[in-house]
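*Asks:* Before anything else, here's the structure in question.
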């Protein structure tokens, strides 16, 4: 029969092992659910993954929005004023989606060079843009530094 001290040590070691296993599972789940953000310039420079999900952010180019006859399928272009990424999306758009306004689309790049969006996020205020999109546009020289408000990171 194990001594009291031996049982306690075994119990503590088992608890630490279970805690380490739980932490490893949580970290693995978080890593597999990460969706990275890229500007259109970075997408064209092949910095974005060729397979897997990522986000593209910028402005919806004026005059680029085309709706299909079904009313749900949409094609438009996201630009950082330097480069452009064509986007195809099927679904309901946010009410604030507009040409010339900020947008972040999540999805993956098709073999034909068209980004297949599974989610479209539009800005929610006339002075707001997601921080990553604002930074990408500033780097491209499309936005003055004080034009937009962004969330605290």
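The backbone N, Cα and C atoms fix where each Cβ goes, and this holds for glycine too.
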*Asks:* For which of the residue intervals 9-29, 30-50 does Swiss-Prot record transmembrane segment?
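*Replies:* Comparing 9-29, 30-50 with Swiss-Prot, transmembrane segment matches 9-29.
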*Asks:* Across the whole of the topological domain 'Cytoplasmic' (1-8), what does the mean pLDDT come to? Round it, please.
*Replies:* 80
